[in-house]
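Right, one structure below, let's go through it.
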Amino acid sequence: MIDPNLLRNNLAEVAEKLKVKRNFMLDTEKLTALEDQRKNLQVTTENLQAERNARSKAIGAAKARGEDIAPLLAEMDDMGNQLTEAKAQLDAVLAEINQIALSIPNLPADEVPLGKDDTENKEILRWGTPRTFDFEVKDHITLGEEANGLDFAAGAKLAGARFAVMKGQIAKMHRALAQFMLDLHTEQHGYLETYVPYLVNHATLYGTGQLPKFGEDLFHTLALQGEQPYALIPTAEVPVTNLVRDVIIDEAKLPIKMTAHTPCFRSEAGSYGRDTRGLIRMHQFDKVEMVQIVDPDKSMEALEELTGHAEKVLQLLNLPYRKVLLCTGDMGFGSCKTYDLEVWVPAQNTYREISSCSNMWDFQARRMQARCKAKGDKKTRLVHTLNGSGLAVGRTLVAVLENYQNADGSITVPEVLRPYMGGLDVIGK
């Protein structure tokens, strides 16, 4: 949620930025009308409350003098009814303003390039050289099925499209990748390993910005009578970031760096027909997520650091990748600046996203009321939150299978994974 003071004091400027940079049309007339109603109702309720307090004292004085206070009590009742009605009207207007505010995307940082979609993202760097093969390249589907490690038919039987079953050495490599990532982030990058629920309530989803705008992208549970509704997490960012919801953090304890390995569940609404085969776009996939809660003056530095941590995974696996700065038209709803890391996928002869690292500024913190305070200070400040994939495990498996394939259909195990696979150096044939 962007700063409501910006909407009150710089509405026209904010609306223009949202239109140009986010292709978001803010209804300024409606918001202005609601804000006028809010001000009037605020004054009305405050005046009624003040008058009610004054009348209450007058009744006490009249009673002490032995006067008949019945007429005064009747007036108090009438004033109480007026106050209740005014408060209800004010609450309704505030709720409507809040709903509009929750639908507004974050404002991009000044250095984010203007653009309409991913074709206008800015490439920052490339690392590694894509391998030249002297044999016909197989895709990860063929490699996995020939190794008896990927079974998409079984996934479809058990659940439907966009599900897979992994077995044997492929399943072991998938697990090894996640363990390697966790060990790297906790032992070298300073993150605290965190285990979180895979089901979360709606307040948690509002906190990180999935609700109310992206409800159709989630898998929702059927709430039993008397129970609150839940949704399966689309990313560990949701529960991990919300650990600081409604918390005032000692600034001396910042940054807080957490990592979690979880399954992620996405309906992939709007992705019909895209990546229908293989592990690239699944309803259920594993990811190692990194989250940082930082001093609001240091979040841009933190974004560079966090992105570097994701890059380190790719570098140690010796997987060629490129780093791109997303343009305004390709950024996520709550981000003010995002880098994507795209890994080389030989069978597609292109780079595919494997990590997205974002600075959310105070957008999520305002929703969550996550604040910090320096020792001796009376005022609190909203923290800044960042998140990034470190990495998507399934897509990393795709990249390893395809980049490390051999002419006989076997796959060489990257050196950094061998300790996690009992010293195994080749899988498959």
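Glycine is treated like the rest: Cβ placed from N, Cα and C.
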Of the candidates Glu187, Glu289, Glu301, Glu342, which one does Swiss-Prot list alongside Thr235, Ala236, Glu237, Ser389 as binding L-serine?
Glu289
Go through the binding-site residues Arg266, Ser267, Glu268, Ile354, Ser356 and tell me which ones have a CA within 10 A of the CA of Ser389 (L-serine binding site).
Ile354, Ser356
Residues near Ser355 (ATP binding site) in space but at least six apart in sequence (CB under 8 A):
Ala310, Asp340, Leu341, Gly388, Ser389, Gly390, Leu391, Ala392
Which state, by DSSP, holds Glu237 (L-serine binding site): helix, strand or coil?
helix
Around Glu268 (ATP binding site), how many other CB atoms lie within 10 A of its CB?
14
C-alpha of Glu268 (ATP binding site) to C-alpha of Thr235 (L-serine binding site): distance in Å?
13
Taking residues Thr235, Ala236, Glu237, Glu289, Ser389, which bind L-serine in the record, the widest Cα spacing (Å, whole number):
9
Binding-site residues compared (Glu237, Glu353) - the one with the fewest other Cβ atoms within 10 Å:
Glu353
